[in-house]
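One structure is given below, encoded as C-alpha cells.
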Amino acid sequence: MFYNFLLYLVIHVNYALDALTFNKFLSLDGIVSWPMIIKDRVYFLSDHEGISNLYSVNLEGKDLTKHTNFTEYYCRNASSDGRRIVFQNSGDIYLYDPEKQELKLLDIDLPTDRKKKQGKFVEVLDYTTEAIANDKYLSLISRGKVFLMRHWDGPAVQLGEKQGVRYKQIQLLPNGDTVVLDTNDDKLTFLSKDGSIKKLNVDLGRIERIKVSPDGKKILISNNRLELWLYEVDTTNLRLIDKSEYDVISQMDWHPDNEWFAYTFPESYSTQSIKLAHISGKVIRITSPYGYDFSPSFDPDGRYLYFLSARHLDPTNDKVIFNMSFQRVIKPYLVVLSNTYSPFNQSLEETTSDKKVEIEGIEDRVIPFPVDEDYYIRIEGAKNNKVFLFSLPIKGYRYPGETLGKLEVFDLDSKTKELYADNVKSFSLTIDKGKILILFKDSIRLFDVNTKPDLNATGKKGGIVDLSRIKVYVDPEREWKQMFREAWKLMQQNYWKPDGLKDWESVLLKYEKLIDRISTRYELSDLIQEMQGETKTSHSYEMPYDYDTAEPLPIGGLGADYEYDKENKCYKIARIYVGDPTNENERSPLRDPGVQLNIGDCIKAVDGEEVKYNILSYLVNKDQVVLDVITKGKTKRVTVKLLKDEKFLIYRYWVEKNRQYVHEKSKGKLGYVHIPDMMYQGFAEFYRLFLSEFHREGLIVDVRFNRGGFISGLILEKLLLKRMGYVVRRNGKELPHPFFSSPGVIVAITNQYAGSDGDIFSYLFKKYKLGILIGRRTWGGVIGINVRDRLADNSAVSQPEFAVHFHDIGLKIENYGVDPDIEVDIKPEDYANGRDPQLDTAIELALKQLEEKS
C-alpha cells in the first residue's frame, strides 16, 4: 500500500523519553523504512520512485539524496553500525560507505551443509488431503503425491511424477488407475499402475473439481471460469454443459446408469439449485432457484437423488441482542427419480425398483427426510438403503483448531438414524457405494456400509488401513520450485481483473531465477511474497505451514509490567493489567484469590530461585510458579497459575481504560466501543460494549487497528438504526425505540492500521453521514480474497479476487485508503506520556455536537 509515510525527528533532546519532543520532518508518497542516523544525515529505504532504493536527508528533512539506482529488485532490510550501511537486494548483500559514497557487492561464502535443502521423509497423515477407494484399491494424495495400494496388504506404489509435482482432485478408475489434476500445467492427468502418464491437453483454466462416472468412461470437470464440462474418455469428445455467472459449480455425482448426472448450480450471490443432466445434452433444474441446495448424491440403485438444503427457516431469539437467527436450517431431502412411491410412504403392494429417470413432474417428487435440521455439510447414498449424513458442530471463534464432524447413517428400511462415527475429518464411498473410507486425525479406516464400526479395535478388525506401507519422500529443492510456480499460476488465474497482471510472464522469470539461491523454507516464503508484491494489490498473502523449525518455548504470563529494583534486587510490580475476570484469560494471576498482589510489591524469587536476570526467563515453559514477594516490608510466598496468552487481558485493559476515560471526560454522556476486526471477535466486542453504551446521549466508535474481515455491514446496520422515540412505562426508565437503536451523536476514530473491511467501514461511516470521522488515513486495501488454495506442504496462498467498487469513487480506496474528516495524529511523545489526542478530539467533537443539539 502506498501510504504517505512519515519520519519523525527528535528536536528537543532529553534523556527521559517522555520529555522528548518529536516533529514530522519528512513526508514521501511511498514506503519509508529502516531509518539510520549517520553523522548529520538520516538514511533510509524508500520506494516513492517505484523501486526501493537508499536515500538520505539532512536533520531538517531537506536535501533529499538518492544513493543507489537499482531498477529490478527492491533494496530491503537495511542496517548500520553507525558508519556504514548494509542491505539486501534480491539474493545479494551490499555495503554502502556514506563517507566514500561507495557501494560494494559483498562476496559472502557460508560453508554450510544447507541442511534444509536435503531430502527428507514426512508423515503421510500430516499431509494427506484426499483419499478414495474402490472394491480392490485405495489411493490417496499426501504432500501432493499419489499413492496406490490394496486395502489391507501388499506394497504402496507411488504413481506419476515422483518429485516436483503437485497432484490433487483424485478419482479412481475401476481398474485401479487414477485421474488427477496436475497443478503444474492445470491438465487433467491419467496415472496408470504401469507408470505411464497421459494428459488431456486442453486449456480448461483452473480445474476445481472432477467426477468420474462409475464405468470410468466419462468425466465431469468444473473450473474457475464457472463452467462445467463433460469429457468422454474413449472418444476424447469434450463438451460444455453449463456455466454459472456467480460461483464455481462445485459438486457433481453420477447416476449408476452412467448417462445421467446431477450438479449444483449457483443461481445468485446467495442461492443455489440442483440440476439434472443427460449425456445427450438435456439439462433440467429439479430444485427451486430460491433456496440453497447442495451435496447431490445418487442412490446406488438409481431410484433416488439425495441432497441437502438450507431452506428450513425456523428462527430463534438471540439470547444477547434483540434479533433473531437461524441456527439449524439444513435438512436432507430426496428426489424420487421415477413415478413410484416415496421410501417414506410405501404402498401396501410390493413395488418394483425402477432405475429409469422420469423427467415429467420430477420437481414435485422432492421429499424431506423425517429428521431434524442440523448443520449438515454432506450427504451420500450407499448400498442397502443406507444414507450417510455428515455434520459439523456449531462453535464460536474462541474454539480454534480443526473442526471434526459427526457421521450418521440413516436406514431407509427402518426409517431410523444412528451415529456411525465421531471426530471425523472427511469420508468417501467406494465406486459401488458398498464401502466407506473414513479419514480420522490419526488413521484412515475402511468399513462395509452395513457394518457398525468398532473404533476401539485394532488392525483390519478396526478397519485401520496400514499406512506404514507409504513412504513420502520430499526433495525440497524440486518441491520449492513447484510451489513457487503454482503460487504464480494461481495469481495468474484468479486475479480479479483478467488483464490486470501485465507482463506476468516476465515477473515469473524475474523471481524464478532466484530460487536456486534460497536455502530454507522461510526464504521461499520471502521470495513468493516478493513476487506477489508485483501485483501492487492488497491481500496478496502467503501463509506458511511447514517452516520445519523448532517450536518456540512458551512463556507464562503474570499479566503485569515490572521494573527492576536495584536496591532490593527484585522485580517491582509497576502495573497490573485489569481486564474482565469473568472472561477466560482476562484476569491477571496476581489478582487471583489467595494471591492478591499489588503495585509496588517486589518479586524476589521464582520457584525458590533468586531473580537475577529478566524475570521472563524464569517463566519459560511453566504453567504454575511459586513466587517469593516482598510486600509491605514482609516476604510473602504465593502460588500463581500463569496465563498462556496475555493478549486478551492487555486488550481488555486498554479498551476498559479508554471507556472509563470517555465516561469521566464526558460526565457519563458518551459511550465508547472498540472494534478490533470485522470478523468474529469484532462482532462480539461490538455487542459486548454496545449493550451497555447505546443508552447514552452519544457514542464514540473506535476502529483503530481494525484487522478487517467481512461484517462491517452488520455493524453499520445497527448504527444506522436511529432512535425515533421512547417506550414509556409505569416503573423504571423509558426504553429507546427502536430498541438498541443508536444515539443521535456518533464520532468514529480510525487510523493507518485500520484496513480491508476496516477501510470499508471508515468510508461508509462517512458516506452514510453517521458522524465525523477523525484520525489518520486508513490502510487502503479493499480487494478481497477467498483462501481456498493450499500448496504441497499445506501452506496457503491468496489472490485478490473481489474488488470493492463504490458508485461515487470506484476503486479509489485500493492503494490509497480513506481520509478522515479531521486528521489527528499521535506522536511518539504522546505514546510515551499516555496521551491519546485522537480520543480526546473525538470526545471534544461529540460533546460539542450534543451542546449544539440541545
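The backbone N, Cα and C atoms fix where each Cβ goes, glycine too.
Residues or ranges marked as active site, charge relay system in Swiss-Prot: His539, Glu814. Among the features that Swiss-Prot reports, active site, nucleophile is placed at Ser756, with the record citing similarity to another entry. The feature substrate binding site is assigned by Swiss-Prot to Gly709, with similarity to another entry given as support. What Swiss-Prot records for 554-646 is region 'PDZ-like'. The annotation site 'Transition state stabilizer' is assigned in Swiss-Prot to Asp757 on the grounds of similarity to another entry.
Considering only the recorded positions Gly709, Ser756, Asp757, Glu814 (active site, charge relay system) has Ser756 as its nearest partner by CA-CA distance. For the region 'PDZ-like' (554-646), the number of residues in each DSSP class (helix H, G, I; strand E, B; coil) is 7 helix, 40 strand, 46 coil.
In the structure as shown, the Cβ atom of Asp757 (site 'Transition state stabilizer') sits within 10 Å of 27 other Cβ atoms.
Neighbour density for His539 (active site, charge relay system): within 10 A of its CB lie 21 other CB atoms from the protein chains shown. Between the CA atoms of Asp757 (site 'Transition state stabilizer') and Gly709 (substrate binding site) there is a gap of 5 Å. Annotated pair His539 (active site, charge relay system) and the residue listed as 'active site, nucleophile', C-alpha to C-alpha distance, rounded: 8 Å. Residues within less than 8 Å, Cβ to Cβ, of Gly709 (substrate binding site) and separated from it by at least 6 positions along the same chain comprise Asp677, Met678, Met679, Gly682, Ser756, Asp757.
Cβ neighbour count within 10 Å across all protein chains ranks Ser756 highest among the active-site residues Ser756, Glu814. DSSP assigns the residue listed as 'active site, nucleophile' to coil in the three-state reduction, placing it in neither a helix nor a strand.
Mean pLDDT of the predicted structure over the region 'PDZ-like' (554-646): 92.
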